[in-house]
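As written in TrEMBL, here are the features:
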ACT_SITE  ASP303  active site
BINDING   HIS60, HIS62, ASP151, ASP303  Zn(2+) 1 binding site
BINDING   HIS62, LEU63, ARG64, ASN94, ASN276, HIS307  substrate binding site
BINDING   ASP151, HIS178, HIS231  Zn(2+) 2 binding site
DOMAIN    51-237  domain 'Dihydroorotase catalytic'
Amino acid sequence: MNYILPNVNVFIDGKFVISNIFIADGLISKISTEKPSYSSNHIFFDLEGCFVFPGFIDVHVHLREPGFFYKETIETGTKAAAHGGYTTVCAMPNLSPTPDSRENLAPQLDLIQKNACVHVHPYGTISVGEKGEAFAAYDEIAKDVCAFSDDGRGVQNDDFMRTAMKKISQYGKIIAAHCEDNTLLHGGYIHDGEYAAQHGHKGICSASEWKQIERDLALVKETGCKYHVCHVSTKESVALIRKAKAEGIDVTCETGPHYLVMNDSMLQEDGRFKMNPPLRSEVDRQALLEGIMDGTIDMIATDHAPHSAEEKSKGLAGSMMGIVGLETAFPVLYTELVQTGIFTLEKLVELLHTNPRKRFGIGTPLEVGQPADLTVFDLNKRYTINPEEFLSMGRSTPFAGKEVNGCCELTLCRGNIAYQKK
């Protein structure tokens with residue numbers, strides 16, 4: 001199918017230019033400021049004045065399939081991604097079976113091929129069953145995975161992580177680490193701060209995160225492994241990563257939208273405020289923003305983690321950890337951080353597309369000759385986030401009822417319509 005997007009604000013060479021985009025046979029065939037000629041061979045999208053971005057890339061998504069299809073499926077998760085402007089997602093491996101061998105990865109690859117409406121790149125596990133006891137079959141799965149992670153648990157044994165880094169380095173792949181020292185958790189489930197103390201909740205200390213980052217950075221320095229830190233949430237973590245980058249260590253990191261715009265003073269006695277890592281202090285939030293601005297934090301990833309309504313209905317203490325984020329990330333970040341002048345729209349594109357594309361080697365830029373992976377937003381459209389309108393099976397978000405600007409009108413993946421607002 002051939003399309004024309006006339007008179008739209010297109011992100012070209014780091015800035016926005018009012019242009020016309022021509023798409024033919026799934027590729028961007030032309031980007032021009034000249035008035036488009038109308039032809040019966042083209043379908044016109046009436047999106048004048050809207051903003052066209054390269055498709056967003058989320059390197060941290062839980063699609064839950066195979067194994068947990070009552071929470072989410074590859075079909076529903078990728079539809080949610082397209083609704084949020086994402087054309088590429090990386091699927092975390094806490095599945096059943098866990099993708100730790102060719103045999104166990106095969107069902108996931110088959111489901112992706114059949115049911116995904118955007119690009120899905122699976123992670124492989126670092127250890128068999130994410131148990132930290134035996135190494136996954138890296139040689140069998142390296143060519144089919146974007147990186148390796150034991151997300152949701154983390155690797156507890158130092159020697160195991162050292163050897164895993166050495167082995168995975170042989171394949172040129174990244175280790176994406178869920179950094180959490182289990183010996184420091186003590187049954188905690190929200191940040192160990194004032195809210196936890198005042199309301200009688202068990203807290204998770206910041207050291208449970210940064211201590212393991214500190215360990216891993218020393219191992220990366222020793223092994224030369226490509227290393228990525230998942231969902232950074234504490235000021236100490238930011239400082240450690242900043243120092244490591246200054247020393248030339250090959251490390252990148254991500255944080256989530258919720259950590260950038262919320263803190264633990266905003267908690268409510270509701271499962272939709274429970275995730276791991278937890279919402280931290282305002283001091284931590286400010287450190288994350290500083291890390292964004294100075295380049296310490298490379299990208300924003302949602303950690304989209306859907307659960308059933310029942311699993312999220314038991315308050316802070318009893319609910320499962322995890323919130324959905326694919327359908328709220330851009331409008332929340334645009335409203336809270338761009339419109340308030342904390343950083344520019346161009347910077348947001350860097351965090352949601354450019355940096356994850358370059359680090360993980362996935363996705364495509366918005367250029368002539370490239371696949372038409374793009375998304376279109378009306379930045380003037382204001383609305384209230386309503387989880388009942390989500391395409392994800394998950395509904396649990398701390399942003400329910402929040403007024404935001406930035407509505408996704410269209411997402412194309414490979415030149416096909418992955419999402420179009422009705």
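Quick reminder: no glycine exception, Cβ is built from N, Cα and C everywhere.
Since the structure is predicted, the reported quantities are computational estimates derived from the model, not experimental observations.
Of the chain residues outside the Zn(2+) 2 site list ASP151, HIS178, HIS231, HIS60, MET92, SER149, GLY152, GLY154, ALA176, ALA177, CYS179, GLU180, CYS230, ASN276, ASP303 have their Cβ within 8 Å of the site's Cβ mean position. Following the DSSP three-state reduction, the secondary structure of HIS60 (Zn(2+) 1 binding site) is strand.
Cβ neighbour count within 10 Å across all protein chains ranks LEU63 highest among the binding-site residues HIS60, LEU63, ASN94, ASP151, HIS178.
Listed in sequence order, the recorded positions from HIS60, HIS62, ASP151, HIS231, ASP303 having a Cα within 10 Å of the Cα of ASN276 (substrate binding site) are HIS231, ASP303. Taking Cα separation as the measure, HIS178 (Zn(2+) 2 binding site) is nearest to HIS62 of the binding-site residues HIS62, LEU63, HIS307. Within the same chain, the residues at least 6 positions away from HIS307 (substrate binding site) whose Cβ sits under 8 Å from its Cβ are LYS71, SER319, MET320, GLY322, GLY394, SER396, listed in sequence order. It is 7 Å from the Cα atom of ASN94 (substrate binding site) to that of ASP151 (Zn(2+) 1 binding site). Apart from HIS60, HIS62, ASP151, ASP303, the residues listed for Zn(2+) 1, the same chain places the Cβ atoms of VAL61, MET92, GLY152, CYS230, HIS231, ALA301, THR302, HIS304, ALA305 within 8 Å of the centroid of those Cβ atoms. For the pair formed by the residue listed as 'active site' and HIS231 (Zn(2+) 2 binding site), distance between Cα atoms is given as 7 Å, rounded to the nearest Å. A mean pLDDT of 98 is what the model gives for the domain 'Dihydroorotase catalytic' (51-237). In this structure the C-alpha atoms belonging to HIS231 (Zn(2+) 2 binding site) and HIS60 (Zn(2+) 1 binding site) are separated by 9 Å.
Long-range neighbours of ARG64 (substrate binding site) (same chain, six or more residues apart, CB within less than 8 Å of its CB): LYS71, GLU72, THR73, GLY77, LEU95, PRO306.
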